[in-house]
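A quick write-up on the structure given underneath.
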Amino acid sequence: MLLYLADVVIFSHAKVYMEKIEKKNNSLKKFHIKTYGCQMNVYDSEMIEKIVSGLGFTLSERAEDADLIILNTCNIREKAAEKLYSELGQIRLLQKKKQERILIVVAGCVAQAEGEEIMRRAENVDVVVGPQSIHSLPELIAKVNRQSGKAIKMEFDPIEKFDYLAEETRKRRVPQSSAFLSIQEGCDKFCAFCVVPYTRGAEYSRSTEEVYREALSLTTKGVKEITLLGQNVNGYHGTLDSGNKVLNLGQLISRLGKIPSLKRIRYTTSHPVDMHKELYDAHANESKLMPFVHLPVQSGSDKILKQMNRKYTTADYLKIINEFQNARSDIAFSSDFIVGFPGESDDDFQQTLALIEQVNYAQCYSFKYSPRPGTPGATYPQISEETKNTRLQKLQQLLKEKQLEFNKKMIGKTVTVLFDKKHPDKISGRTEYMQQVFSDDSNLLDKIVTMRVEDASTFTLKCTAEDIIST
């Protein structure tokens, strides 16, 4: 990992400045972070938490107790910006109530998309920072306090984000036995409905050795399951430290599988056009790789797929499904669907329903199309909200039926469950296929347990523990 003197100076300067402020005015102590959207944002928030903690702040679960509030935003769904401004309005009321200064940071994809417009519409915002510039938070916060002004940074440079961060920011707080690990960011596909290429930038992959070191570090902290993240994760092409060899996702998984204390590997989100033989081979040969693939198709209509600029047909997609099934017979799939994309006819929608019947997904996510400013889809003639709502309701009903059908087929079989979440009176975990399981036995927390399925509902399995296979 590269450690640059300039980064150390900035980080140290910000920390010293914050310490001076604390001594002078014992108020800038606590920070609160609210995360919206995808797993990548969850990962980024973990990085932000470590960065800000390094400045002397402590995490507060309540915004009301915080001196610094960070909103890590998502711009995928419609009205994301308006939801942000509504949230900032609530924070403004909190500021008036406390009659104290609260530093406000807007991070993430809405920050990247809106930029200075955020500060124009919400004067209480102090810092706007894009997702590829979160490593600059110490500098930006120090600048705001030093000059009592505003700070904004939205450069697209994932190399800085991943490689130039001071070592302190990489020592993650991992309270659970499962963790996310970002290996790839950005997207070059430019689907007609998606803002990711505009908010996350071009595709960038971390080096294989850097990913390996972070995975190894996570396992030393008790992590048993790692989910590899990327906007287009199977487009991963990381170099070895020598720079002379490039590994794809399948090869990376095979390498990570050699870490003894790592028990489970997952990855998300995949794009159908970037599948490769080594990934199929990994599913066939790497026992730590879960037999579950999230493979968004978006539509079952070739006409709509072309309109979306997805670059594959339903036949291409089904061939990929078949390749995975040939690699591992017990593999299952989840997907994403968008209904009501411009030009979608009743026949196009029926083709989507037919695809769902054919694949028999274990679970899926479904959305009605929402135009995103700056994307091609926003310029097309739109379908009525009434039609979109009707189709979404029909789609979700079918998806629930298929999910229940998949879960019911598990009754009488054994599954392995990693219990990684604690609730007030129970613990919960997930099977290989992402089904949720609850238990009253708190001794099973952070353990992988073989369980027999006794009953099933749409979203959960009822199981009886048989054996602990990993402590």
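Each residue, glycine too, has its Cβ placed from N, Cα and C.
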Do you know which of Cys38, Cys187 Swiss-Prot groups with Cys74, Cys109 in the [4Fe-4S] cluster 1 site? Cys38
Which value does the mean pLDDT take for the domain 'Radical SAM core' (173-405) in this predicted structure? 95
Mapped DSSP class for Cys109 ([4Fe-4S] cluster 1 binding site), helix or strand or coil: helix
Among the binding-site residues listed here, Cys38, Cys194, which has the most company in the form of other Cβ atoms within 10 Å of its Cβ? Cys194
CB contacts under 8 angstroms to Cys109 ([4Fe-4S] cluster 1 binding site), restricted to the same chain and 6+ apart in sequence, sorted by sequence, are Gly37, Asn41, Thr73, Cys74, Asn75, Ile76, Ala80, Gly130, Pro131, Val195, Val196, Thr199, Arg200
Expressed in Å to no decimal places, the gap between the Cα atoms of Cys187 ([4Fe-4S] cluster 2 binding site) and Cys38 ([4Fe-4S] cluster 1 binding site) is 15
